[in-house]
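Q: Straight out of TrEMBL:
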COMPBIAS  63-73  compositional bias 'Polar residues'
REGION    54-73  region 'Disordered'
TRANSMEM  102-122  transmembrane segment
TRANSMEM  134-154  transmembrane segment
TRANSMEM  183-209  transmembrane segment
TRANSMEM  229-247  transmembrane segment
TRANSMEM  259-277  transmembrane segment
TRANSMEM  297-319  transmembrane segment
TRANSMEM  339-361  transmembrane segment
TRANSMEM  381-409  transmembrane segment
TRANSMEM  421-438  transmembrane segment
TRANSMEM  444-469  transmembrane segment
TRANSMEM  489-515  transmembrane segment
TRANSMEM  535-554  transmembrane segment
Amino acid sequence: INMVSKCFSLHLHPHHYSLTSAIHPNPKPNHLLTTPLIPTNLTTKLTVTHNQAHPSLHKRCHSNSPMASRKSTISPQFDEFEPHPTLTNDDLKPTTSGQRTLTGWEMASLWIGLVVGVPSYYLASSLVDLGMAWWQGIATVVAANIILLVPLVLTGHPGTRYGISFPVLARSSFGIRGAHIPAILRALVGCGWYGIETWIGGEAIFLLLPKVIKESSFSQFLPWLGTSPLEFTCFIAFWLAQLTIVWKGMDGIRELEKYSAPILIVLTSCLLIWAYVNAGGFGHMLSISSRLSSSQFWSLFFPSLTANISFWATLALNIPDFTRYAKSQTDQIVGQAGLPIFMGAFTFVGLAVTSSTSVIFGRVISSPIQLLGQIGGLATMVLAIFGISLATITTNIAANVVAPANALVNLSPSKITFRRGALLTALLGIAFQPWRLLQSSESFVYTWLVGYSALLGPIGGIILTDYYLIKRTNLSIKDLYSLSPRGAYYYSGGYNLAAMTALVFGILPVIPGFLQNVGILSSISDSFLVIYNNAWFFSFFSAGILYWILSCLLGKEKNSQPIDPLLPTTTT
């Protein structure tokens, strides 16, 4: 544990659409159903039977749905499946075909902007510090991202097919009201990360300030604040700078990521070339061999793998927030396929540059911010502030604003817009006091990264099990926005008890390891320690399997909903 703890030194309007219920004597299959959330002048046929809609589904883990086995007649005076105002607004409605403009390159640009950042810079070099060979550290990072690519692509599918965000997708598995629980858990992690990334950006401003300012009384540490007034001011300055971009909404975020990617690639390449030229090559890095025995390596490898998976486990949940804007499934898959390559390349840069500093300066400088300050020069200072700020903002806004903002919108769509949700996210980021969280590598990595993976792992396992094994990728858009007790996702009072149970049981076994790590428990059994070291894997699969078993036993999954993807079937 001690070795691993050092691993990182550091828009559905309440449309008043017209639905004309046509009762037909010979019901037709559900492929004729139109999506009621999209305004249409076509006559909508709402009569469907379970076996007609999905003749192969009745053999699976559910019983016939009452709502699917009887004819539904919707009167003009009252439509129980009309989108409820507490479940929808402009930010939550499914994206239209006109909003589907995200290409494979733009999706890849999003990931480049996410990857290039200060936290990613440390990943491989921190593993080398723990005794791994240089190639083992990079291979561990790449392996973690190859594994994570699977849930990323799978979770991105419903976003592209139905045009829905993560909080809306969660309604299908956790229930209309129960979806608030996974959405808020994801939001809290995002708020914490927002604070951490903002602090890093503020630190860049502080370290690159003139020496006379940094040595003033304004930079003296205040115990009650946990930092100095000057550092806190730099933090707030960077916090405010980000809001100018967030205030433009998703369009502004997408434009930022699109045009920042080439700039970040150029700046990263310049840093790598500088290190190569001034160190006379990468001979020092290539000479780093493993200092671990076989047993020591594997005892370090699996917790490190879990920590690296946890690094992007947040995005593996809310990736539908972005893939809902993709042109097609091909674009979202191709755009995300580069993640392991991007992570491997950037962590190589971090490791190569860090190892080169020992040759250039006679000591190891692991922080890119401190390194740029050491290089000196006005031009370098300006370029450093611009580059680090851009890298931090592109990572922070995309990864840590969109999901919490959407989750908060989902809580009260009639009162909270995306802008208001983003502002609340930023305020909560301050409340997390990231300067305290980053005081030690142990609290950052082993408590923060591994700890929150126990929360996100079971949510991902439940959602993917429900979407692929229970629902067979078939969702009803209208029921995702309905509070009708007869709705497919109303379950028990709006909560899916099977999902809630699986979530709790997926988290519980990880708690002893977490409590021991924060010092509440003095000792725990080895089995709990193993579970905690592999928190994401254990919670993901245990919750997913338990949810599938409970769903089969309860037999109450409503798989008779009409299929109403917003994309043509050829793209799914």
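Backbone N, Cα and C atoms are what each Cβ position is placed from, and that goes for glycine too.
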Q: So what's near the transmembrane segment (489-515) in sequence-distant terms, Cβ-Cβ under 8 Å and 6+ beyond its ends?
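A: That would be 171-178, 181-182, 447, 451, 454-455, 457-459, 461-462, 466, 476, 479-480, 482-483, 521, 524-525, 528-529, 531-533, 535, 538-540, 542-544, 546-547, 550-551, 554, 556, 558.
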Q: Are the transmembrane segment (421-438) and the transmembrane segment (339-361) close enough that 3 or more Cβ pairs fall under 8 Å, when only pairs 6 or more apart in sequence count?
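A: No, the stretches stay apart by this measure.
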Q: Go through the chain and flag residues at least 6 beyond the ends of the transmembrane segment (102-122) whose CB is under 8 A from any CB in it; none is fine as an answer.
A: 8-10, 196-197, 200, 204, 254, 256-258, 260-261, 264-265, 268, 311-312, 315, 322-323, 325-327, 330-332, 334-336, 338-339, 342-343, 346-347, 349-350, 366-369, 388, 391-392, 394-395, 398-399
Q: Establish whether the number of Cβ pairs under 8 Å between the transmembrane segment (421-438) and the transmembrane segment (381-409) reaches at least three, counting only pairs separated by 6 or more residues.
A: yes
Q: Who are the long-range neighbours of the transmembrane segment (535-554) in its own chain, taking Cβ under 8 Å and residues 6 or more past its ends?
A: 61-62, 151, 173, 306, 309-310, 313, 450-451, 453-454, 456-462, 464-466, 469-470, 497-499, 501-503, 505-507, 509-510, 513
